[in-house]
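Feature annotations, reproduced from Swiss-Prot:
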- 71-184: domain 'Plastocyanin-like 1' (DOMAIN)
- 195-355: domain 'Plastocyanin-like 2' (DOMAIN)
- 431-551: domain 'Plastocyanin-like 3' (DOMAIN)
- N51: N-linked glycosylation site (CARBOHYD)
- N237: N-linked glycosylation site (CARBOHYD)
- N323: N-linked glycosylation site (CARBOHYD)
- N355: N-linked glycosylation site (CARBOHYD)
- N362: N-linked glycosylation site (CARBOHYD)
- N405: N-linked glycosylation site (CARBOHYD)
- N411: N-linked glycosylation site (CARBOHYD)
- N422: N-linked glycosylation site (CARBOHYD)
- N441: N-linked glycosylation site (CARBOHYD)
- N458: N-linked glycosylation site (CARBOHYD)
- N574: N-linked glycosylation site (CARBOHYD)
- 1-20: signal peptide (SIGNAL)
Amino acid sequence: MKSLFLTGLLSALTWASEFASYPDIPLDYLYTTEPVTPLPQGYPWGSKTANDSHPEEPTLTGVIRSYDFHIKAGQIAPDGYLKDVLLVNDQYPGPLIEANWGDTIQVTVHNDLEEGTALHWHAFLQKETPWQDGVPGITQCPIAPGACFTYTFVADSYGTSWYHSHYSAQYADGILGPIIVHGHPTVPYDIDLGPIMLSDLYHVPYTTVLEHLFDEDFAVVTKPANNNLINGRNSWNCTLKDLGDDTPCQSNAPLSEFRLTPGKKHRLRILNVGGSAIQKFSLDGHKLQVIAHDFVPVLPYEVEFLTLGVGQRADVIVEALANGTGTYTMRATIPPAPCANSVDHDATALVHYGNTTSTFSNSSSEAWPSFIEALGVCDGLPTEEITPWYAIPAPEAPATTQIINVTLAQNETGQYLFYMDNSSFRVNYNHPVLLLSNLGNNSYPDDPEWNVYNFGSNNSIRIVMYNNAIRTHPIHLHGHNFFVEAVGLGEWDGHVDHPENPVRRDTAMLPQGGYMVISFNADNPGAWPLHCHVAWHVSSGFYVTVLERPDEIAEYKIPSVVGQTCRDWWGYTNHTIVNQIDSGL
């Protein structure tokens, strides 16, 4: 059984009579005829293997995978409570994008909203196409209402990822979907169950969450989510509605369902695509063999549960019981503070053996004791427990080091904001940093709130982040799979974990009261966001731009359509006031 999503717009509180499924996921790669795939060597990427080829240097296949997305407002009831949402092609989660390593992905985005938008392709490196990264005010202007923009970029890494809006906190309302890039096989398996997307759920629109965060009560943190979802589904007890809340609601909404074949090995692609919460994931009675973190294949290791911050992914193999019968429970749980604002509802899904079909089947399986015991632990395994499959050494002595102190403080009007070295971020949608840099403008003394760190032509960069604020934070860097050199509490002592082959990720956890040290080779000229992936935190200023090799950015021939997108946006803002309540991202 493939991953399930809610589809269509609901004019009344009903669930769709048919829940559409993501297409069957092939075990190896997608087949095409124009041009012919696979190549004579047997794979779309030729004779390369996971052992002998750099995972960020694909063979270009010449195949274009085209998609057409319409983004519009709607209403759905993911857990039985009807809510306003923003949807991609009337689906939640949005459509699956699927490609082979080295294919070109092309997505035309039509903005049918009454506000701007832009889509970001999480963890794609965008080498030589940084203007396709999809971050308004940084790599492009927002797509104006009624306008469209076509993103074209190479599937330059392989594994599991996702796309989402990067305009304000829109994606928390539903503008997101999974991406699968087929690449080198590492660990064999028999069946691919596809994406399993974990997300916290707010019953109110994202704008209401932001208004609460920035209102006169000077909230330090957002209100906790109302529920938690697996592939867009869970149930909710409608008797918990606030007094006077007349929103249509029905308890016992259907859960997501999956099916295991006895004795077979199944690949599960787990993604945390929520707005805020760290997720604990497990499957009762079945251990998880981890084979990839983010877009990085790793030497396989076995666990009973996973811990994923927002933006993080893990590919795992589950071997079904040889004589398995009945139904088991899949669990996604939001841990309490300091990991997240606690919520009193876990997400569950049903995993069947045999021919069980009832959506409301009860599972009698029990959670792993280790899963229960670890609910108060915010981070996953220590970095020394994870070994990338393909070894890449960290820069021996990075050319430059930047220390960033993260704090939480009130601004002049009393609102709590995050500060990066005493500067809270705010974007200017009308003047994308990448386009300014392309014109030779790399200094912004009149706009310190842009938080641009110009690293010049340095060939390697180390960033040391200290968390003097609240909570553990999932830190995401665009344009790179960075080396996680060290993570810990207190002050960094200068030690680098496994410098010959450190953990590589695009999103890693910065602990409360601690530090995270990352480094990367500066081989990708661009304006790359570095930010907390909690939607409400980046909305509150937890963000900087890494300006990498601006001398080479000036040499880019940026397509004219990027400029036209700005002209369309400027035309829209000439007669419409943009209510930028937050940082803009």
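Even glycines carry a Cβ here, placed using N, Cα and C.
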| request: Determine, from DSSP, whether N323 (N-linked glycosylation site) sits in helix, strand or coil. | output: coil
| Residue pair N323 (N-linked glycosylation site), N458 (N-linked glycosylation site) - Cα distance, angstrom, rounded | 58
| query | Of all the glycosylation sites given, namely N355, N422, N458, which is spatially nearest to N574 (N-linked glycosylation site) at the Cα level? | reply | N422
| message | I'm trying to understand the geometry here, so how far is the Cα atom of N237 (N-linked glycosylation site) from the Cα atom of N355 (N-linked glycosylation site), in Å to the nearest whole number? | response | 28
| said: Using DSSP and collapsing to three states, where does N411 (N-linked glycosylation site) fall: helix, strand or coil? | reply: coil
| Nearest-integer angstrom distance between the alpha carbons (Cα) of N422 (N-linked glycosylation site) and N405 (N-linked glycosylation site) | 8
| field | Neighbour-count leader, CB within 10 A, glycosylation sites: N323, N355, N422, N441 | value | N441
| Within 10 Å of the Cβ of N237 (N-linked glycosylation site), how many other Cβ atoms are there? | 15
| Cβ neighbour count within 10 Å of N411 (N-linked glycosylation site) | 12
| request: Please work out the number of neighbouring Cβ atoms within 10 Å of the Cβ of N574 (N-linked glycosylation site), leaving out its own Cβ. | output: 7
| message | Among the glycosylation sites N51, N458, which residue has the fewest other Cβ atoms within 10 Å of its own Cβ? | response | N51
| field | DSSP three-state assignment for N51 (N-linked glycosylation site) | value | coil
| message | I'd like to know the mean pLDDT over the domain 'Plastocyanin-like 2' (195-355). | response | 92
| query | What is the number of other Cβ atoms found within 10 Å of the Cβ of N405 (N-linked glycosylation site)? | reply | 15
